[in-house]
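Q: Right, I'll just put the structure down here and ask away after.
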Amino acid sequence: MRVTAPRTLLLLLSGGLALTETWAGSHSLRYFDTAVSRPGRREPRFISVGYVDDTQFVRFDSDAASPRGEPRAPWVEQEGPEYWDRETQKYKRQAQADRVSLRNLRGYYNQSEDGSHTLQWMYGCDLGPDGRLLRGYGQSAYDGKDYIALNEDLRSWTAADTAAQITQRKWEAAREAEQLRAYLEGKRVESCRRYLENGKETLQRTECPKTHMTHHPVSDHEATLRCWALAFYPAEITLTWQRDGEDQIQDTELVETRPAGDGTFQKWAAVVVPSGQEQRYTCHVQHEGLPEPLTLRWKPTSQPTIPIVGIVAGLAVLAVLAVLGAVVTAMMCRRKSSGGKGGSCSQAACSNSAQGSDESLIACKA
């Protein structure tokens with residue numbers, strides 16, 4: 001492996017440098033790279049995206065009309081032409097390293113040139129509130145299966161199979177882990193620090209979750225209660241179901257936190273309960289933007305007893321009130337800060353319903 005381009009996703013960052021200021025909570029810098037071989041075409045397609053705290057800030061696509069590193073967040077647009085030139089060259093070197101790796105891997109697995117194959121890398125680091133390294137990580141996959149990963153000590157590798165052991169022996173002989181560790185403890189942490197400072201108005205803000213609960217009959221005897229948390233930032237959140245005060249971890253269906261498409265995140269957790277026993281279950285929501293955890297309990301709606309005309313008129317009034325309420329809630333819940341931990345939003349406001357450019361990375365080849 002050569003110390004040049006940021007190579008495919010196994011590089012992770014790390015570092016032990018202190019920041020000159022303190023940030024709320026931990027922060028992360030992650031890159032996701034994908035190289036896909038295409039039979040009949042000379043070069044595989046290479047795509048790389050970078051995230052700071054789960055917010056995409058950069059992208060590169062080798063199939064673009066003019067392949068270059070492209071900004072995906074306003075705060076990174078302030079970087080000058082030299083930065084983007086270095087980024088573009090970095091991605092091109094990385095793409096070339098992945099092309100070589102794809103060819104090598106095809107040989108390791110005794111595969112023909114007829115099929116399409118995929119090499120993926122994920123690498124990154126987490127920094128603490130003081131800007132020091134909490135952990136570094138990196139892992140790769142070939143055709144959707146684990147291949148090789150850097151261990152937590154940042155000094156050794158774990159191979160998933162005998163083919164990956166070939167790569168492991170190559171990298172151990174070349175002392176790649178040592179080079180990688182030294183690189184990560186320097187430039188990667190510096191880059192993360194700079195991104196957090198430049199994007200602090202966005203990256204260090206807090207938006208508390210909008211929550212509600214839904215009820216879905218499964219049969220005559222059971223129903224699903226689903227606890228929703230929407231429009232929150234940062235992405236870290238905890239949803240917990242309890243029955244009579246006891247956690248229902250084994251019986252909870254929990255989806256991964258996912259982007260909402262507007263810079264915020266959403267998540268839900270569900271539990272199947274016996275019909276008529278819904279009141280025994282509560283959902284507990286914890287998030288940095290909340291002054292204290294929220295507790296939600298299902299409240300069944302009463303049957304309508306007013307005339308249909310009254311219903312229509314009432315809905316019209318409620319629609320107006322809902323718009324006004326949403327504006328007020330948004331004003332109360334949205335907080336942009338440059339450091340303080342914890343939100344300024346109240347439980348009532350937040351609950352909708354109680355129901356550094358890298359001059360080089362390590363372009364290692366498998």
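Keep in mind that glycine also has a Cβ here, set from the backbone N, Cα and C atoms.
Computed from a predicted structure; not experimentally measured.
As listed in Swiss-Prot for this protein:
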- CYS125-CYS192: disulfide bond (DISULFID)
- CYS227-CYS283: disulfide bond (DISULFID)
- 209-297: domain 'Ig-like C1-type' (DOMAIN)
- 115-206: region 'Alpha-2' (REGION)
- 299-308: region 'Connecting peptide' (REGION)
- 25-308: topological domain 'Extracellular' (TOPO_DOM)
- 333-366: topological domain 'Cytoplasmic' (TOPO_DOM)
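I would like each feature placed in context: is it buried or exposed, what are its neighbours, and how far apart are things?
A: Sequence-distant contacts (6 or more apart, same chain, Cβ under 8 Å) of CYS227 (disulfide bond) comprise THR211, MET213, LEU239, TRP241, TRP268, ALA269, ALA270, CYS283, VAL285, LEU296. Secondary structure from DSSP puts CYS227 (disulfide bond) in a beta strand.
Helix first, then strand, then coil: DSSP counts for the domain 'Ig-like C1-type' (209-297) stand at 3 helix, 54 strand, 32 coil.
With DSSP classes pooled into helix, strand and coil, the tally for the region 'Alpha-2' (115-206) is 39 helix, 30 strand, 23 coil.
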Q: So how many other Cβ atoms are close to CYS192 (disulfide bond), meaning within 10 Å of its Cβ?
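A: There are 27 such Cβ atoms around CYS192 (disulfide bond).
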Q: Measure the Cβ-based neighbour count of CYS125 (disulfide bond), defined as the other Cβ atoms within 10 Å of its Cβ.
A: 26
